[in-house]
Every structure is written in structure tokens, then in C-alpha cells.
Amino acid sequence: MTTKYIFVTGGVVSSLGKGIAAASLAAVLEARGLKVTMLKLDPYINVDPGTMSPIQHGEVFVTEDGAETDLDLGHYERFIRTKMSRRNNFTTGRVYSDVLRKERRGDYLGATIQVIPHITNAIKERVIAGAEGHDVAIVEIGGTVGDIESLPFLEAIRQLAVDIGRNNALFMHLTLVPYLAAAGEVKTKPTQHSVKELLSIGIQPDILICRSDRAIPANERAKIALFCNVPERAVISLKDVDSIYKIPALLKSQGLDQLVVDRFGLQCGEANLAEWEQVIYQEANPTGEVTIGMVGKYVSLPDAYKSVNEALKHAGLKNRLSINIRYIDSQDLETKGLEVLDGLDAILVPGGFGERGVEGKILAAQYARENKIPYLGICLGMQVALIEFARHVAGMDGAHSSEFKRDTPYPVVGLITEWIDEEGKVEVRTEGSDLGGTMRLGSQLCHLVEGSKVRALYGSDTIQERHRHRYEVNNTLLPKIEAAGLKVTGLSADKKLVEIVENPDHPWFVAVQFHPEFTSTPRDGHPLFEGFIQAAGEYMKRHLN
């Protein structure tokens, strides 16, 4: 079957939730038995978001094949079963980089390189490659219609719709329909102007998703349909909801999936949303609440830890517990003291980079260890747990990571000096290597030790988890740390690198080098987070009694 394309654009303002709306539609189409994939086209000049500040951009989502991508790909994987790859996200910078490399190589035979056709052709080629082998490809264009940065992408999808035939392409536009309290009504003019902007570049939207804080009345939807030249049934009201996992059912109730199926002439059954109904039921009916302290350096923007936040909530669903995440700036532990950790049922230290706030994270790991509070360390969260244990239990005073202190007497964590690149070649890295694309990335095999907590949680002796780091546990200092009581319970495929450590003298103290949050979904959860939240619930009950 010819792949059908749904191009998703946004207008009026940014942060309307294009990614979640697109992923929700994908979930309903998948529930109808269609093979669906999603792509995100980002208009910034960075080659990828790998070196961008999480406070500016939010989290970097890592795919199975090791691509550093936009956090929207995390939404895609949480809503549909299809796994994303480096083909599912690309930026203006990546496209220009490819085109310029071809120009230097002489591929264009002396032609003048222009946005049209060279850049737009490169965009179209990447979209087609990413969509290959699927019934439906939903392609989200980052940014807002009217932004200068988005123009090459919008021109490329306009051309692509012509190339593949309009019966194989559909344009879905998200807009804001604000409510003015003074007038006591919603206003449609911003939507009309946004569509006018889209029309000026040759794109007539087929479906309008109208975002608002309330349901949009039928008469206003009719008005939008009239002025924006779309059928009334193609004006979808998407009001604010208390859970993003309600959106698939909300879109289905307005017939959006049927509209798409009819437009493309697809033969498929009705959508079965039973799994999503179960998620919503679990979310609405918790039996208790636990407070998780997330100790990090990017806590001013919770989206910097988007997948961790969601993974905790997924584990809450499985344990029938409501999750209250208390964001704690790790520097506050250094300046305000340990009282900021009072009242927590568990402590989580997520990944991060740079020296700022590291001592606060080490204090959090020490507090959790000494007070028997459930602890989950992720990536840097494992490294600080190791440093803390080395300093205060193993007698290695001044132990640190060479990332933060070059002259530490005990570099218990050190730089990966040799790694395998995307093409399978050995790459030597030093302190002076580029920051972009020089990490251990993607899904890696991990061996679990028999009798360990993680072996019981996963129910398997090998697992696959995703990595994003350039520093590893220093094996030469490991025997002394293990002799003091910390146990290595997970090892890399070649059994040379430490992936998981546990403290057997603690009710629940697990720290991992990988990022388990990237594989957690609302329907399936993740065993590590489920075990962590279960331990938090047990800790909460013990202290209530």
C-alpha cells in the first residue's frame, strides 16, 4: 500500500501541543490496525539537540539506534508501539550539513546551490525515507507558521503533497482559539489569520485542530469552517484536559480518525482503545500518594526531565499510586542544608552534565543511603552514588569523577577513551574532543547478576537499555568499593563496564548507568520504576504507621 502522509503544522503561538495531538491521532490509527510512524522536522540550525541546554530545549530523547533527538519523539514512543530512530527526527542544520558536504564533494556538478530545489529536495528525501514501510506517516513541522525558520520545511511538504498526489497527503493545522473573559466568548480571528498565512505559501489545511481551555461551541466551529474553507466535521475542538492520555479518546469521539480513514480510502477496523481506557482508569483511581524528590540541576524547567517524569507516573499507574514530584535544585542542598529533603518517600537523581550542583547530588545519595530512603540513580545519579560510597564507606577520601576534578586521588569515574562510532570503527576520545556526537549512545545489552534486585525486577538475565554518557566507572578502583559492600549487579555486553550497582544493606538502593526512562510507556510501564515506586509506597506506609 502507498504510504499516506499527514503533515502537522502549528499556528498563532508555539507550545500548543502539536506533538501530543499528532501522537494521539497516531495512537487511534494504530488502534485501528494501521502501521503508523511519526517524524519531527525541527527548524533550528543545530545538527541535533545533543549539545543544547536542557533549560532552553528540554530533554534530549535518545532512540534505540543512538540518535539524540527532540523530546517529542519520547511522546511518539509513549503513544505508539513503533520505535523511533535517527530517521524520525532531523533539523535544518542536519539538512544543510548534508547538502554542503555533497556540494564540497562535487555531487551537484557545479550547480548553484539554492534553498529551492536543493534544500527542499533533501528534506523530501529524508521524509520519504523515514516514512518507508508504513501505512501512515504523521510528519510534525516544528515551529509556528509565519516563522522564517520553518519556510523551507513548509515549501518541501507543499511540494511533496503534489509529488505523491493530494489523495495521499493531508494537512492538519493546530491553532489557538482563545477565550476572552471580557467578551464572554472564544475568538476565531487568530485561527483565520493563521490559515491565511498558510494559504499564502500554498497550503490549504484539510483539518483544523482548535486548542482552547474549553470546548468550542458548534456555532463557532461552523464559523471557522466557513472562513477557513474546511468541512465543519474537519474542525476539531481540543480543549485542555487533566491528562494527556485522554486525548486519543477525545479525538476519536469527534471522528478525527474516521475523517482520516475516509479521506485516504483506508480499509481498517474500528479503533479499540481498551488499553488507553485502562490507563485513564488507573490514573483516576489511585489508592495513595507518594512524594518523590527529584534532585537535579535543570529543575527550573521540568521538561528537562520529561521522560523521567512520565516514567514515574507510569510506575504510579501500575502501583495505583498518585505521584507527587518535588523538584529540588541540587545546589540548594549545598547552601540550605539537608532539610530540603524532609518529607520524601524516595529520592531520584537523574542524569546531567557539568560540575554545578554535583556535591548536592552526592549529599542526596548519602542522605538516602544513611536514612534507608529508596534511591534510584540514573546515569550521573549512579556516578554520584558511587562517589559518595567510595568517600564515606570505602575510605577513599576525596574520591571524585575526573569529569569534575582532574587531580582527584581516587578517580572512581573516568572518561571513555575508546569507543565504537556509528560505522563500527574505533574512535579515540580525549578531554579535547568535540562535545557533539561523542558519547556512548543508544541501546546496549546488559547482563544482570543472579540473585540481584534488578534480576528479580526484570525477570531476565539480559536486558537492552539506552545510554547517553561519556564517563564510566573506573574498574581499577572497583574492588575496594565492592569489598566495602556496594555490589555490581549489571555489566555491559563484554562484561567490562559497570551498568548497575546495588547496596544490599539498604531496603532499595539501585543506581544504573543507562536511561531506563526512555523505554517506559503508560501501557507497559518499566520494571525499574515500578520497583522504585513500590518501595516508595512501602516506605510511606512504614512511616505513617
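Cβ coordinates come from backbone N, Cα and C, glycine included.
As the structure is a computational prediction, the values presented were derived from the model and not from experiment.
Same-site candidate for L-glutamine binding, as annotated by Swiss-Prot with LEU380, GLY381, MET382, GLN383, GLU403, ARG470, chosen from GLY352, GLY354, GLY357, GLY442: GLY352. Binding site for ATP per Swiss-Prot: SER15, LEU16, GLY17, LYS18, GLY19, ILE20, LYS239, ASP240, VAL241, plus ASP72 from the candidate set ASP72, ASP98, ASP163, ASP303. When Swiss-Prot records SER14, ASP147, ILE148, GLU149, LYS187, THR188, LYS189, PRO190, THR191, GLN192 as binding CTP, the matching candidate from LYS40, LYS102, LYS124, LYS223 it lists for that site is LYS223. Among the recorded positions SER15, LYS187, GLN192, LYS223, CYS379, the ones whose Cα sits within 10 Å of the Cα of GLY352 (L-glutamine binding site) are CYS379.
When the recorded positions CYS379, LEU380 are compared by the number of other CB atoms within 10 angstroms of each CB, CYS379 has the fewest. Compute the center of the Cβ atoms of GLY352, LEU380, GLY381, MET382, GLN383, GLU403, ARG470, which mark the site for L-glutamine; besides them, the chain residues with Cβ within 8 Å of that center are GLY351, PHE353, CYS379, VAL384, SER401, VAL413, HIS469, TYR471. Regional average pLDDT for the domain 'Glutamine amidotransferase type-1' (291-542) in the model is 91.
For the binding-site residues listed here (LYS189, LYS223), the lowest count of other CB atoms within 10 A around the CB belongs to LYS189.
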